[in-house]
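Input: one structure, supplied below.
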Protein chains: 4
Amino acid sequence: MCGIFGIYSHEKSNIVKKVYYGLYALQHRGQEGAGIAVGNGKEIGYYKGLGLVPEVFSNKNLQNLYGHIGIGHVRYSTTGGNIIENCQPFVVNSSFGKIAIAHNGDIVNSSELKRELEKNGHIFVSSTDSEVIAQLLVRELLKDDDIISAIMKVTEKLNGAYSLLIIYDDTLIALRDPKGFKPLCIGKDEGAYYFSSESCALDIVNVDFEKDVSPGEMVVIKNNEMKTYKLPNSNGNASTCMFEYVYFARPDSVIDGISVYAVRRNIGRILARENPNNSDVVSPVPDSGIIFSQGYTEEASVPYYEALIKNRYIGRTFILPTQEERDLAVRLKLNPVKHLLRDKKVTLIDDSIVRGTTSGKIIKMARKAGAKEVHLRIGSPRIVSPCFYGIDMATTKELIASSKTDEEISECIGADSVAYLSINGLVEAIGRNDLCLACLTGKYPTDVSCKFNCEK
Amino acid sequence: MCGIFGIYSHEKSNIVKKVYYGLYALQHRGQEGAGIAVGNGKEIGYYKGLGLVPEVFSNKNLQNLYGHIGIGHVRYSTTGGNIIENCQPFVVNSSFGKIAIAHNGDIVNSSELKRELEKNGHIFVSSTDSEVIAQLLVRELLKDDDIISAIMKVTEKLNGAYSLLIIYDDTLIALRDPKGFKPLCIGKDEGAYYFSSESCALDIVNVDFEKDVSPGEMVVIKNNEMKTYKLPNSNGNASTCMFEYVYFARPDSVIDGISVYAVRRNIGRILARENPNNSDVVSPVPDSGIIFSQGYTEEASVPYYEALIKNRYIGRTFILPTQEERDLAVRLKLNPVKHLLRDKKVTLIDDSIVRGTTSGKIIKMARKAGAKEVHLRIGSPRIVSPCFYGIDMATTKELIASSKTDEEISECIGADSVAYLSINGLVEAIGRNDLCLACLTGKYPTDVSCKFNCEK
Amino acid sequence: MCGIFGIYSHEKSNIVKKVYYGLYALQHRGQEGAGIAVGNGKEIGYYKGLGLVPEVFSNKNLQNLYGHIGIGHVRYSTTGGNIIENCQPFVVNSSFGKIAIAHNGDIVNSSELKRELEKNGHIFVSSTDSEVIAQLLVRELLKDDDIISAIMKVTEKLNGAYSLLIIYDDTLIALRDPKGFKPLCIGKDEGAYYFSSESCALDIVNVDFEKDVSPGEMVVIKNNEMKTYKLPNSNGNASTCMFEYVYFARPDSVIDGISVYAVRRNIGRILARENPNNSDVVSPVPDSGIIFSQGYTEEASVPYYEALIKNRYIGRTFILPTQEERDLAVRLKLNPVKHLLRDKKVTLIDDSIVRGTTSGKIIKMARKAGAKEVHLRIGSPRIVSPCFYGIDMATTKELIASSKTDEEISECIGADSVAYLSINGLVEAIGRNDLCLACLTGKYPTDVSCKFNCEK
Amino acid sequence: MCGIFGIYSHEKSNIVKKVYYGLYALQHRGQEGAGIAVGNGKEIGYYKGLGLVPEVFSNKNLQNLYGHIGIGHVRYSTTGGNIIENCQPFVVNSSFGKIAIAHNGDIVNSSELKRELEKNGHIFVSSTDSEVIAQLLVRELLKDDDIISAIMKVTEKLNGAYSLLIIYDDTLIALRDPKGFKPLCIGKDEGAYYFSSESCALDIVNVDFEKDVSPGEMVVIKNNEMKTYKLPNSNGNASTCMFEYVYFARPDSVIDGISVYAVRRNIGRILARENPNNSDVVSPVPDSGIIFSQGYTEEASVPYYEALIKNRYIGRTFILPTQEERDLAVRLKLNPVKHLLRDKKVTLIDDSIVRGTTSGKIIKMARKAGAKEVHLRIGSPRIVSPCFYGIDMATTKELIASSKTDEEISECIGADSVAYLSINGLVEAIGRNDLCLACLTGKYPTDVSCKFNCEK
C-alpha cells in the first residue's frame with residue numbers, strides 16, 4: 001500500500017501543515033511510518049519517523065520544516081524491516097543538489113536494478129525502491145542534465161508499480177506507471193497544485209479534485225505552470241489494482257472516475273445474487289464487511305444487523321503475553337450482540353479469509369451466542385497467486401483459499417457454508433475492464449518471470 | 001459516566017490482568033484516566049494515571065500489582081480538573097486498614113456532606129465523591145466496626161447516583177443506589193465473582209452473566225460466599241438513566257434485562273413513524289447515529305447509506321493551533337461520499353444536537369456535496385433541564401434545544417427540517433417505565449433543591 | 001534528607017520559575033521526586049512528579065502554575081514507597097481553604113499521631129509526615145481560627161525533625177523545630193523573601209542571605225511584613241544534624257554561620273592528625289572524599305592525586321541485568337589512573353563505609369593497579385545507632401562499623417588499615433557543640449523510646 | 001572528537017553488551033549520538049540514535065542485536081546537523097554485502113572526494129566522512145576484491161585524520177591514519193580482541209591493554225588471527241593531536257605510552273613556573289582545570305582550594321527561555337564558596353578561554369564573592385589557527401586569543417592578569433615531539449590549501 005501526498009504553492013506559502021493534514025487523511029494506507037520533505041527551490045529539509053502521523057510529527061518538528069514545495073509519505077511495510085531508514089521520502093545529496101522521492105507501489109525488477117547498480121559501485125542504505133530510483137535518476141542526469149528526459153529514461157527501466165512524487169530544484173514531479181497499478185490524482189485551488197494517492201485527502205484539505213493522473217502520465221509543476229508528458233513505455237493498456245476498490249482505499253475516494261463506495265455496495269449485491277441463501281440475518285464483520293453487507297441486504301432482502309460490536313479503543317500498545325490472553329484478543333476487538341444471533345440462521349460478510357484462524361474464532365463466537373447456522377460470504381474472489389506490485393506477499397501465500405476448496409474451508413473454520421465473489425462479479429461491480437487481476441488469475445500484466453525464478 | 005469493574009477470586013489467584021481487560025472493555029465509559037486497586041486480604045496496592053487504559057498501564061505496572069480481590073475504574077471527568085488526584089479507585093489508610101473505593105455516578109449532596117466533614121476537621125485531597133464516601137465510611141466504622149451496617153448508614157446520607165465497588169479487608173462489596181441510576185451487573189465463573197458497569201465486559205473476559213445488581217441492593221463477597229442486602233432507603237422505585245440506553249452503553253450490553261442494541265433499533269423505527277418524510281436517502285452521523293438509522297430505514301423504507309465516512313485514526317494527539325486548522329477538524333473526522341448525496345433529499349440521523357455548531361458544519365458539508373434537502377432527525381427527546389446524577393452539566397446547559405423550537409434550530413443550523421424523538425416514543429423504545437427522565441421533564445427522582453438553590 | 005525552597009513576593013510577581021531554579025540548586029538533597037505549589041492569596045495550584053527537577057517540570061507544566069507565594073520540595077525517599085502520592089508539597093482542601101505543606105525531616109512520633117487521628121476518623125492517602133501535620137493543623141484551626149497559634153499548638157505535639165514551609169491564604173510560614181535538626185535559612189531582595197534548606201540556593205537565584213531561621217523559630221510573611229515567633233517547646237538547646245556538614249549539604253552552603261567547605265577541610269586535617277601513616281599518595285574516593293583529602297594532604301604532607309576517575313555520565317537509566325554486568329558497575333563509575341598507584345603506599349579517603357562491598361571493590365581495584373599498600377581513612381566517626389530524624393534507617397543498620405572493629409573491617413574489605421575520624425575530632429572540625437550525634441553515641445536529643453519499643 | 005570501540009570474539013560469543021559498555025566509557029568523547037553495528041560473518045545488524053549511550057540503547061534494542069564482531073561510535077557533532085542520518089556506524093549494502101564503518105577524525109579533502117564521487121553518479125544520504133570512505137572502498141573492491149588492498153588504496157586518497165573500525169564479512173579492520181592524529185589502541189583477553197579510542201574503556205570492560213595501533217598501521221582480525229599492515233602513505237612522521245592530552249581524553253587513559261593524567265599535572269607545574277604570581281589561593285574552574293591546578297599548587301606552593309562548586313545535576317533538559325534566566329545558567333552550573341575567596345588574591349585555572357563570555361562571568365562571580373585580585377591561568381597555549389582534523393571549527397574561530405593580546409583579554413574579561421601555557425611548555429609537559437600543533441603555530445602536517453582556498 002503506502003500513501004503519498006504533495007503540494008506546489010505558486011504563492012510560495014509554507015505548505016508543510018497541509019502536507020501533514022493530507023497524510024493524516026491517508027493514514028489508512030500505512031501506519032508504520034511517515035515522513036515529509038519540503039523544498040524552497042534551493043534546499044530540501046525533511047523529517048521521518050516510525051508510527052502514526054500524529055506520533056511522528058510534533059508541532060516542533062513541523063515548525064522546523066519550511067518551504068513551498070512538499071511531499072509526504074505514509075508507510076505500510078511490505079518488504080524491508082520496520083526501521084527508520086526505510087521510511088520515506090528518500091532524500092539524497094547529489095551533484096545536482098538534493099532530491100526527494102516518495103513512492104507507492106513495488107518495482108518488480110528492483111533487485112536486478114540494485115544488483116546492476118552495485119556492480120557499478122553504488123551502495124544502498126535502505127531497502128526501499130525509492131533509493132534505487134534515486135540512484136538511477138542521478139545516473140541519467142549525469143548523461144543529460146534534463147530532469148524530464150532523465151525521469152523518462154529511468155521509467156524505461158522500471159518494471160512494476162510506481163506512483164511517484166519527486167522534488168528537484170524548484171520542480172515538483174508526479175507520475176503514475178504505464179499500467180496505473182496504484183492511484184494518483186490532482187487537486188487545485190487558487191494558490192497551489194495538490195497530488196494525492198486518493199481523492200478523499202483533497203476533500204479534507206478543502207481542495208477541488210482536478211483529475212486523475214492517467215496511467216503512464218507524468219505531471220510537472222514548475223514556475224506556476226503544469227505540464228504533462230507521456231511516459232515512453234505507456235501503451236494505453238492500464239491494469240489498476242482491483243484491491244484498491246475492494247479493500248485499500250477509503251470509501252469516500254473516487255479512483256479513475258469510479259466511486260469506491262459504489263463498488264463495494266455493488267459487490268454486496270452481486271455476492272447475494274451469486275450465492276443465495278435463506279438466512280434470517282445478515283451481519284458484517286466490521287469494519288471492512290459493512291458496505292458489502294448493506295449491498296447484500298438490499299439484494300437478498302435479509303434483515304441487516306450489526307451483530308458484532310467492535311471496540312474502537314484497541315490500539316497498538318496492547319499487552320498480550322500469555323496464550324489465554326491471546327484468546328482474549330478477538331473478544332476484546334469484537335463482541336456479539338447475543339439476542340440478534342440466538343436461534344438465527346446468520347450470514348456474516350467479510351472482505352477476505354486470511355489464515356482462517358480469526359474467521360474460525362468469529363464463527364465460534366456467533367455459535368456460542370446461539371446462532372443456528374453461520375454462513376460466511378467473502379467480498380472478493382479467491383486469491384491464488386502472489387502479488388509483486390505492492391501487496392504483502394507473506395499474507396497472500398498463507399491465504400487458506402490458495403489450497404482449499406470452499407467446502408474444505410467451511411469445515412476448517414466451522415461454517416455451514418462459505419462462498420466467495422466470482423471474478424466476473426468483481427469486474428461487473430467495479431465496472432471497468434482494465435484491472436490487474438493477477439492474484440486471482442495468475443496472469444500478470446508485466447513480466448514477472450524473474451520473481452518466479454528467484455523463488456526457485 | 002465512568003465505568004467500574006471488580007473481581008473476587010475464591011481460588012486466590014491473581015486477578016489484576018482480568019481487571020485490566022475488563023476496564024479495556026469499558027473504555028467507552030471514560031477515556032481521561034484509569035486505575036486499578038488490588039487486595040490480598042491484608043494489603044491493598046494500586047496504580048492510577050491519566051489517559052486510556054493501555055496508556056496508563058504498562059506490563060511493568062501490572063506486574064507490581066498482585067492480589068485476589070481487585071477493582072478498577074475508567075474516568076470521564078464531569079466535575080473536577082483532569083488531574084491524577086481525581087483518578088480512582090480512591091485508596092486510603094484508616095484505623096481499619098486500607099480501603100479502596102470506585103464510584104460511578106454523582107452524589108447530589110456531596111458539597112453539603114463535604115462541608116460538614118470539613119467542619120469536623122476532615123481534609124480532602126481530591127474533588128471526587130469517593131473521598132467523601134470514604135470519610136463517611138470510616139466515621140461509621142468508628143461507631144460500629146461492622147462494614148455492612150457502616151455502608152448502610154453511609155448510604156442513608158447519600159442523595160444521588162452511586163454504583164460502588166469497595167475493597168475492605170478480605171471483602172469485596174458492590175452496591176447500586178436505591179434508584180438504580182447507573183447500571184451494575186454480576187458475572188460468575190468457577191473461580192470468581194465479577195462486577196461490571198456493563199455486561200459487555202463480562203462477555204469479553206469470558207464470564208457468564210449472572211444477574212443485574214438490583215436498585216438498592218448491596219452484594220457482599222467474603223469467604224467465597226455471596227450475600228445480598230437491601231439498602232435502607234430503597235423503596236423499589238427505580239429510575240434508571242435513559243441515556244445509558246440511548247447513548248452511553250455499548251450496544252452489545254444488556255441493562256436490567258433490556259438489550260441496548262434493541263432499544264436503539266426501536267428508537268430508529270419510532271423516530272421514522274413519528275416524523276415521516278419522503279427522503280431519497282437516510283444516513284447516520286457516525287458512530288452514534290448508525291443503529292438508529294438502521295431502525296429508521298426498516299420502518300421508513302428509505303434506502304440506507306453510510307454517506308459520511310469517519311477517519312478511524314483521529315486521536316487526542318491532534319495538533320490544531322490556528323482557526324483555519326480548527327475548520328479542518330470536522331472534515332478530518334468526517335468526509336462525505338459525494339455521489340450518495342448529489343441531488344438527493346437526505347435524512348441524517350444523530351443522537352443529539354449539542355451547541356449546533358458541529359451539526360451546522362455537517363449539514364453544510366452535505367449541501368456542498370450536492371444534497372438537495374437535508375433533514376435532521378435526533379434519536380432522543382429535547383433536553384430541557386440539567387442532570388445532577390452524572391452527565392456533564394456544562395454540555396446540558398448549552399444544548400440548543402433548551403431555548404429554541406425545532407424550526408428555530410432548523411434555521412440556525414441550516415437544515416430543511418429538524419425533529420426529535422418524543423418522550424413517549426423513548427419510553428416505548430426502551431420498554432420500561434422506571435426511568436430517570438429528569439433532563440427531559442424537569443421532574444427529579446430525588447430532592448435536588450440544594451442544587452437549584454446553589455445556582456441562584 | 002529532602003530539600004525545601006519558598007518565596008513570598010510583595011510585588012505580586014509570579015515566582016514559579018524562581019522556585020524551580022531554587023529546587024534545581026537543592027537537587028543533591030533528593031532525586032526521587034519534586035513538586036511546586038503556588039498560591040495567589042486565594043487559590044493554590046500545584047504540580048508534582050517522580051524524578052529529577054528538570055524531568056518533573058516541563059515548560060508547559062510551569063506555565064500552568066501562577067502565583068506570588070510558592071513552596072517547592074525535592075524528595076529523598078527514606079520511608080514510604082517511591083510513589084507520586086508521597087511527593088510534596090502536600091496540598092489539601094479544608095474548611096479553611098487550601099493549605100500546602102513542604103517538610104524536611106522525620107517526625108519521631110508520627111505513627112502515634114497518625115493512629116490517634118485515625119481513631120478520630122481521619123484517613124490518610126500518603127505516608128508523609130506532611131499529611132499528619134496538615135490534619136493536626138486543621139484540627140487546631142477548627143478550635144481557634146488563628147494560623148499562628150494553630151501551628152504553635154501543632155508543634156507542641158511534634159517530636160522530631162521538621163523544617164517546614166506552609167502556604168495558608170496570603171501567608172507564607174517557615175519554621176524550624178526547637179532542636180534545629182535540619183537547616184533552613186532566609187534570603188531577601190527588593191521584591192521578595194526567600195526560604196531555603198541551604199544558602200547555596202539563595203546564591204544561585206541571586207538573592208542575598210539574610211539569616212538562618214533559628215532552632216525553634218517561626219517566621220511569618222504576610223502583607224509584605226516579616227514577623228518572627230518562638231515555638232513553645234524551644235528551650236534554646238539546639239542539636240543540629242552533624243551529617244549535614246559531613247555529607248548532605250553542598251560545600252558552598254553555610255549552615256548556622258559555619259561553612260560546610262571549611263568543616264570538610266578541617267575533617268581532613270584532623271583525620272590526618274589522628275591517624276598518621278606514611279603513605280606515598282593520598283587520593284579521594286570521588287566525589288565525597290575530595291575535600292577531606294585536600295585537608296588531609298595539607299596536614300600530612302602526603303602528595304595529593306585524584307587517582308580514581310569518575311565517569312560523569314552514569315545516570316539512572318543504566319542497564320545491568322546479569323551478575324557479570326553488576327561487577328562492571330563499579331569500574332564504569334570509577335577507574336584508576338594506574339601509574340599513580342603502581343608500587344605506591346596509598347591512602348584512600350571516603351565519607352563512610354556502608355556494607356563494605358563497594359569499598360572492597362575499590363581496594364581490589366587499587367591493588368590490581370599495582371598499589372603496594374592501601375589504607376582507608378573515613379571522614380566521619382563510626383555509626384552505631386539508628387537515626388530517627390531523617391536519615392535512611394536501612395542504610396544505618398547495615399553499616400559494617402556497627403558490628404566490627406577497625407581491624408575486622410580492614411580484613412573484611414582487604415585494606416592494610418582502616419581508621420575513622422573520632423567524635424571529638426568531628427566536633428572540633430565543625431566548631432560547635434550543639435550537634436545531634438545520636439547515631440554516633442546512642443544519646444538522642446528527644447525521647448525516642450517509642451521507636452525502640454516498636455522495634456521489639 | 002567522537003569515540004570508537006570494537007570487538008572481535010574468536011569464541012563467536014555475542015559481544016553487543018560489551019560494545020555498549022565500551023561506548024559508555026567513551027561517552028566523554030561525544031554526547032550527541034551513538035550507534036552499534038554487529039556482524040556474525042554474514043549479516044550486519046545495527047541500531048543508532050541521538051543522545052547519550054543509555055538514552056539511545058534500551059535493553060530491548062540491545063537484545064535485537066547479535067553477533068561476534070561489533071563496532072560502536074559516540075558522536076560529537078562538528079560539521080553536519082545533529083540528525084540521526086549523521087550517526088555512526090555507517091552501514092551500507094553493496095555488491096560485496098554489508099559493510100559497517102565507524103570513524104573518528106576529519107578528512108580534510110572529503111568535499112573534493114565527495115564532489116568527484118557525485119560526478120560519477122554517487123549519491124549521499126548523510127554528511128559523514130564515513131559515507132565517503134564507504135563509497136571509495138566499494139569502488140576499490142570492484143576493481144580488486146581484496147579488502148586489504150582496497151583499504152590501502154582508499155587511504156592513499158584520504159588526507160586528514162582517521163581512526164577507523166570496519167566490519168566486512170568475517171573480518172574486523174582497525175586502522176589509524178599515517179599521522180596518527182587520533183588515538184586508537186588494542187586490548188585482548190582470552191576470547192577476543194578489542195579496539196578503543198582510549199585505553200580507559202579497555203580497563204572498564206576488564207581487558208588488558210595490548211598496544212597502541214601505530215600511526216599508519218592497519219590491524220586485521222580474521223579467523224582468530226591478528227595481522228598487521230603498514231599503510232602506503234605512512235612515513236613514520238606522526239603528529240598526534242596535542243588536545244587529546246590537554247582536554248579530550250579521560251585522565252585515566254594512556255595514549256601512545258604517555259599518561260594523560262601525568263601530562264595535565266605537568267602542565268600545571270610548568271604553568272606555575274612560566275607565569276609566577278603570589279596568590280593566596282589557587283582554584284580550578286571545574287572540571288577541566290582540576291588536574292592542572294593540582295600540578296600548579298605543587299610547583300607554586302599556593303594553597304589549593306576548589307572554590308567553585310559545580311552542580312552535578314545540570315543536564316541537557318534545562319529550560320532557559322528568558323534573558324534573565326540565561327544569566328542564571330552560569331550560577332546554576334557554578335557557585336563560589338565565598339569564604340575561600342573573600343579578601344584573597346585568587347588564581348583560577350581553566351583549560352581555555354573561548355569567547356570570553358563565560359570566563360568573564362566567573363571572574364565577576366569571584367569578585368562578587370570578595371576576591372581582591374583574580375588571575376586567570378590557561379592550561380594550553382593560545383589558539384591562532386583553525387583545526388581541520390576534527391576539532392569544532394566554529395569554536396576555534398571565535399577564540400578570543402586569536403585576535404587579542406593577553407592584556408586585552410584581561411581587560412575584556414575583567415581579570416587582573418591572564419597567562420597561557422607556552423608552546424614549549426606544552427611539548428615539555430607531554431614529553432613527545434611528534435605532535436600536531438597546527439592550531440597553535442599555523443603549520444599543518446598535511447596539505448590544507450584546499451581548505452584555505454575554500455574559505456576565500
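Yeah, the Cβs are placed from backbone N, Cα and C, and that goes for glycine too.
For C:Cys2, the entry in TrEMBL reads active site, nucleophile. Feature annotation from TrEMBL assigns [4Fe-4S] cluster binding site to C:Cys241, C:Cys387, C:Cys436, C:Cys439. Under the heading Mg(2+) binding site, TrEMBL lists C:Ser288, C:Asp350, C:Asp351. The domain 'Glutamine amidotransferase type-2' annotation in TrEMBL covers C:2-224.
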Taking only the Cα atoms, work out how far C:Asp351 (Mg(2+) binding site) lies from the residue listed as 'active site, nucleophile', in Å, as a whole number.
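For C:Asp351 (Mg(2+) binding site) versus the residue listed as 'active site, nucleophile', the Cα atoms are 19 Å apart.
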Rounded to a whole angstrom, what is the C-alpha distance between C:Cys387 ([4Fe-4S] cluster binding site) and C:Cys2 (active site, nucleophile)?
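Roughly 15 Å, rounded to the nearest whole number.
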I'm checking region-level scores; what's the whole-number mean pLDDT for the domain 'Glutamine amidotransferase type-2' (C:2-224)?
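Across the domain 'Glutamine amidotransferase type-2' (C:2-224), the average pLDDT comes out at 94.
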Sort out for me which one of C:Cys241, C:Cys387, C:Cys439 has the most neighbouring CB atoms within 10 A, since those are the binding-site residues we care about.
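The residue with the densest Cβ neighbourhood is C:Cys241.
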Give the number of CB atoms, excluding that of the residue listed as 'active site, nucleophile' itself, located within 10 Å of its CB.
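A 10 Å sphere around the Cβ of the residue listed as 'active site, nucleophile' contains 24 other Cβ atoms.
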Tell me, how many other CB atoms lie within 10 A of the CB of C:Ser288 (Mg(2+) binding site), whichever protein chain they belong to?
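I get 17 for this one.
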Rank aside, I only need the closest one: which of the binding-site residues C:Cys241, C:Ser288, C:Asp350, C:Cys436, C:Cys439 has its C-alpha nearest to that of C:Cys2 (active site, nucleophile)?
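Of all the candidates listed, C:Cys241 is nearest in space.
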Have a look around C:Cys436 ([4Fe-4S] cluster binding site) and count the other CB atoms within 10 A of its CB, chains all included.
25
Reported as an integer number of Å, what is the Cα distance between C:Cys439 ([4Fe-4S] cluster binding site) and C:Asp350 (Mg(2+) binding site)?
18
With DSSP assignments reduced to helix, strand and coil, which class does C:Cys241 ([4Fe-4S] cluster binding site) get?
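In three-state terms, C:Cys241 ([4Fe-4S] cluster binding site) counts as strand.
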Reduced to three states, what secondary structure does DSSP give C:Ser288 (Mg(2+) binding site)?
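For C:Ser288 (Mg(2+) binding site) - judged by DSSP and reduced to three states - the answer is coil.
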Counting across all protein chains present, how many other Cβ atoms fall within 10 Å of the Cβ of C:Asp351 (Mg(2+) binding site)?
21
For the [4Fe-4S] cluster site given as C:Cys241, C:Cys387, C:Cys436, C:Cys439, which other residues of the same chain have their Cβ within 8 Å of the site's Cβ centre?
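So the additional residues around the site are C:Phe181, C:Met242, C:Phe243, C:Tyr389, C:Gly390, C:Ile391, C:Leu437, C:Ala438.
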Take the C-alpha atoms of C:Cys436 ([4Fe-4S] cluster binding site) and C:Ser288 (Mg(2+) binding site) and report the distance between them in angstrom, rounded.
21
About how far apart, in whole Å, are the alpha carbons (Cα) of C:Ser288 (Mg(2+) binding site) and C:Cys241 ([4Fe-4S] cluster binding site)?
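Between the alpha carbons of C:Ser288 (Mg(2+) binding site) and C:Cys241 ([4Fe-4S] cluster binding site) there are 18 Å.
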Around the recorded Mg(2+) site, report the further residues of that chain (criterion: Cβ within 8 Å of the mean position of the Cβ atoms of C:Ser288, C:Asp350, C:Asp351; site residues excluded), sequence-ordered.
C:Tyr247, C:Pro284, C:Val285, C:Gly289, C:Phe292, C:Ile349, C:Ser352, C:Ile378, C:Gly379
Reduced to three states, what secondary structure does DSSP give C:Cys439 ([4Fe-4S] cluster binding site)?
helix
Can you see whether DSSP assigns C:Asp351 (Mg(2+) binding site) to helix, strand or coil?
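Assignment for C:Asp351 (Mg(2+) binding site) reads coil.
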Determine the Cβ neighbour count for C:Asp350 (Mg(2+) binding site): the number of other Cβ atoms within 10 Å of its Cβ.
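For C:Asp350 (Mg(2+) binding site), the count of other Cβ atoms within 10 Å is 21.
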Work out how many Å separate C:Asp350 (Mg(2+) binding site) and C:Cys241 ([4Fe-4S] cluster binding site) at their Cα atoms, rounded off.
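Cα-Cα distance, C:Asp350 (Mg(2+) binding site) to C:Cys241 ([4Fe-4S] cluster binding site): 19 Å.
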